[in-house]
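Pulled from TrEMBL:
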- His181, Arg220, Tyr291: substrate binding site (BINDING)
- 12-166: domain 'Oxo-4-hydroxy-4-carboxy-5-ureidoimidazoline decarboxylase' (DOMAIN)
- 178-293: domain 'Transthyretin/hydroxyisourate hydrolase' (DOMAIN)
Amino acid sequence: MSSPVTLADLAKMDNADFIATVGGVYENSPWVAESVLNSAPFDSITSLHKAMKGAVDSAPEEKKLALINAHPDLAGKAALAGELTAESKEEQGKAGLDTLTQSELEHFTKMNDEYKAKFGFVFILAVRNATKHTILSSFEARLKNTRMKEFEECVTQIHKIAWMRLLTVLEPADTGFLTCHVLDTAGGKPADKMKIVLKRVSGGGKIGVIGEFVTNDDGRLTGGPALKGNKEFTVGVYEWTFNVGDYFAKEGSSLAGTPFLSNVPLVFGIDNPEDHYHVPLLCSPYGYSTYRGS
Ligand SMILES: NC(=O)N[C@H]1NC(=O)NC1=O
């Protein structure tokens, strides 16, 4: 795959090159990219996606229907005939749809046919991070919906597909960063001097341990964000490991010889590398919780 285009390079392109670069993020529908040319240049993938999404959402019903039907079936005829776009081939391949057994293939054909017979359009699911099992259970669940709900769901899935395609084509803006905060809910105070390890579990960049930190008096990471900018803060799955056991031992509040909580792992996903993700931990010796903060 060619290396991602920077937003600065995208801004310098003429219309034809702009369409050649991002025209394929809405499957077989370059009109979406064409309709945002007036709003160029874009300073982030987020703003480009927002503009493209807006063009689709404000398009008439027939145009949305044509957009849905511009997608190939999952594990359908086009896939079998080797006629998928490069983008769709990659996505369907990542979900394992290019290595189905004969009986799995028949199952997919049955679900595609049932879905089309009920709703009159192609079943759409963003499958880049899916498996054949999650796709089949999604088919089952969505077959119970109304046509209107499914129409909306397909458009929502198309926006997700476009977002993930933009992330493969363009280099994100350098604005994203990851922060943390640990609060001791038993003591009613920030958890200071707690050791935290950060690992990248999957995604772009080095996999494995990528940082070791200690919280300051305010329970935040000494030295600022754990990851910062588009070289470090990439789409993927990450894991904090909080050394809660040692912290509460230091506080003198661990009553047991073998503490109930020792290391607390927290696995979280980064979908928008241009955003600020604040991933905190609220903990006591016997429980913990988190949320996506700001
Ligand atoms: N039918 C359908 O959902 N197709 C699409 N989904 C996806 O992730 N890529 C596609 O081509």
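Cβ from N, Cα, C; glycine included.
Cβ neighbour count for Arg220 (substrate binding site): 19 (other Cβ atoms within 10 Å of its Cβ, all protein chains included). In sequence order, Thr179, Cys180, Val182, Leu183, Gly219, His278, Val279, Pro280, Leu281, Gly293 are the same-chain residues whose CB sits within 8 A of the CB centroid of His181, Arg220, Tyr291, the residues recorded for substrate being left out.
Across the range of the domain 'Transthyretin/hydroxyisourate hydrolase' (178-293), the DSSP-based residue counts are 12 helix, 56 strand, 48 coil. When averaged over the domain 'Transthyretin/hydroxyisourate hydrolase' (178-293), pLDDT in the model lands at 95. Across the residues annotated as binding substrate (His181, Arg220, Tyr291), the widest Cα-Cα separation comes to 15 Å.
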